[in-house]
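Colleague: Can you read through this structure? Questions will come right after.
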Ligand SMILES: *Cc1c(COP(=O)(O)O)cnc(C)c1O
């Protein structure tokens, strides 16, 4: 029987029947046949500590004793209050307000609306948003507008708004990025720079130096342009620090976080902003209200999972686990750094990536799905972005599990070279 389910980023005409996952455990998914599949991409980058971390599971169970969804206007609740206090404490200093939503895309939409609202309410509206080439910020119309254009959004092009795009700071071309930003800012029309810090995820795990981010912040400040940092993927330790922008010594005006906010257990997102942005919306004039909400804003159970995530960060040696994983990743990647079958082996924190050298690269090249199938047969969840193979495992992954992933990457390259993939 065919299923009525329409899966995301899935070409059903090409995809084999899907196995059901019946259980999750640590760094693994267990399927209906009892096979343990190593979740080497943290279930699309959300799972940080590991699946079903006991502290987070208990917090969810306990929250269900008291709450389900509660309207988040007129009333508040302790899980949202406690999480907001914790977020303000753990985020870079100066981000004093927390606006909740429920996905990475929506927290970026909220950020864009905050930035435009800030200038609108200040009586000097600005109409442009600046972004970086190869960026990804989500799949809603607004976030697609800000993201890289291509096959993913070609059909929706008529609805997408124009943005100013900075060239990616490839090694040796960092100054071009900064100069382009300076030129855009000089128009006086750029409300905000929206950017992924240190690594562009869906755009191919492209890394750039922290110094570029700090220089961009300096330019933004000089022109009164706000900086929105999209930490949806990078947040919660992925790049080695809690938030990646810390490594650049940058406090953005607006910070977006989602994926790892609940340890990856439940959907929740938060947009943090400065008092300046909050205050621009503070008025006895109702027209200055921040007009945004989704039905499930600040779901108490999700917020309780977020509080539990903060507890794990506070009470468990998460930093040590991340450093250990960084070491394991470095060791695993090292055998490929001068391997001619691969290019650009790179690492930032707990994330590694390398490009399989292929005649035709790009997301739609056949090699992506073929690699995916190859890994699936070996009980590894690894989803290359075209020819870019990356590993972003949960922090509880063991050396043996990770070793299996690197062995499979090696084997996949051998199969590819032999024309057997
Ligand atoms: C995943 C991601 C998003 C979108 O998050 P969703 O929860 O899938 O909407 C936004 N920005 C970045 C950097 C991401 O990696």
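A Cβ is built for glycine as well, from the same backbone N, Cα and C atoms used for every other residue.
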Colleague: Pick the one from 164, 230, 355 that TrEMBL also lists for the pyridoxal 5'-phosphate site with 104, 105, 294, 295.
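Modeller: Looking at 164, 230, 355, the one TrEMBL places in the pyridoxal 5'-phosphate site next to 104, 105, 294, 295 is 230.
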Colleague: What does TrEMBL list, out of 376, 378, 383, as binding the same substrate as 44, 136, 259, 293?
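Modeller: Within the candidate list, TrEMBL flags 383.
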Colleague: Quick one, of the binding-site residues 259, 383, which Cβ has the fewest other Cβ within 10 Å?
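Modeller: Each of the binding-site residues 259, 383 was scored; lowest Cβ tally within 10 Å is 383.
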Colleague: Select one residue from 105, 293, 295: among these binding-site residues, choose the one with the most other Cβ atoms within 10 Å of its Cβ.
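Modeller: Answer returned by the neighbour count: 105.
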Colleague: Based on Cβ atoms within 10 Å, give me the single least packed residue among the binding-site residues 104, 136, 230, 294.
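Modeller: Checked 104, 136, 230, 294; of these binding-site residues, fewest Cβ neighbours within 10 Å: 294.
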Colleague: Using all protein chains in view, find how many other C-beta atoms are within 10 Å of the C-beta of residue 44 (substrate binding site).
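Modeller: Cβ-Cβ neighbours of residue 44 (substrate binding site) within 10 Å number 16.
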Colleague: For residue 105 (pyridoxal 5'-phosphate binding site), what is the secondary structure state per DSSP, taken as helix, strand or coil?
Modeller: helix
Colleague: Does any of 44, 104, 105, 230, 293 have a Cβ within less than 6 Å of an atom of ligand 1? These are the binding-site residues; tell me which, or none.
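Modeller: Passing the 6 Å Cβ check against ligand 1: 104, 105, 230.
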Colleague: Look up residue 230 (pyridoxal 5'-phosphate binding site) in the DSSP assignment and report helix, strand or coil.
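Modeller: Once the DSSP labels are grouped into three classes, residue 230 (pyridoxal 5'-phosphate binding site) ends up as strand.
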